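Novice: The following block contains the structure, expressed as structure tokens.
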Amino acid sequence: MVDRLANSEANTRRINIVENCFGAAGQPLTIPGRVLIGEGVLTKLCRKKPKARQFFLFNDILVYGNIVIQKKKYNKQHIIPLENVTIDSIKDEGDLRNGWLIKTPTKSFAVYAATATEKSEWMNHINKCVTDLLSKSGKTPSNEHAAVWVPDSEATVCMRCQKAKFTPVNRRHHCRKCGFVVCGPCSEKRFLLPSQSSKPVRICDFCYDLLSAGDMATCQPTRSDSYSQSLKSTLNDVSDDDDDDDSSD
């Protein structure tokens, strides 16, 4: 079915509409063989609080952005190659329901659908697209993924030293290797993680010691399914916006 839609006028028209919704700041999305599979609003768990984002699933990429005007205008376009994606279901608990993790070598995050049916459909379609891509390319699934960041609201004290309390002065930071919320003194070092950045990035002392010793296997994200606490609000002045890899998230 995807092959049949690839060169259809209806598919081209739908992709053009998506391009226009992102405006001049968005990247072109129309290429030969690309098909728009589906779209919808998902709640993305960002570092401060959950936020609604518009997602578009194509047969080779996943695109999402901020909603400016529903169905008309989006900004801050993100494009994720599906070949690098793996997904894992998240158990329902409290107000966080119908969720799953989208994991890639450069960035990983949790999203939530409005219903269990929507979740099932999204996950089935994503898995199908990834499987088809890997089958055609002969590549193997990615076994490396960036840590899923622990939301600010889940940590009132540093998750490493367990002593430093977060205040407007003592701000939160995130280790790029394990995703933990840590204080400044526990994350003063930087390390080159090529899959995430061309420059050394902030990591906690624990991960730095392991990485420096070459113990890459031990220093793996340990909270990939940690997002099961109830939704909470977080004071903006307690977060470190300058330390976020995406100021909107």
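Cβ coordinates come from backbone N, Cα and C, glycine included.
Unlike curated records, TrEMBL annotations are generated automatically.
A quick note: this is a predicted structure, and the numbers were derived from the prediction, not measured.
The compositional bias 'Polar residues' annotation in TrEMBL covers 222-236. TrEMBL lists 238-249 with the feature compositional bias 'Acidic residues'. What TrEMBL lists as domain 'PH' is 35-131. Taken from TrEMBL, the feature domain 'FYVE-type' applies to 152-212. What TrEMBL lists as region 'Disordered' is 222-249.
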Novice: Please list, for the domain 'PH' (35-131), how many residues fall into helix, strand and coil according to DSSP.
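Specialist: For that range the per-state counts are 19 helix, 54 strand, 24 coil.
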Novice: Which value does the mean pLDDT take for the domain 'FYVE-type' (152-212) in this predicted structure?
Specialist: 95
Novice: How many of the residues that make up the domain 'FYVE-type' (152-212) does DSSP mark as helix, as strand and as coil?
Specialist: 14 helix, 10 strand, 37 coil
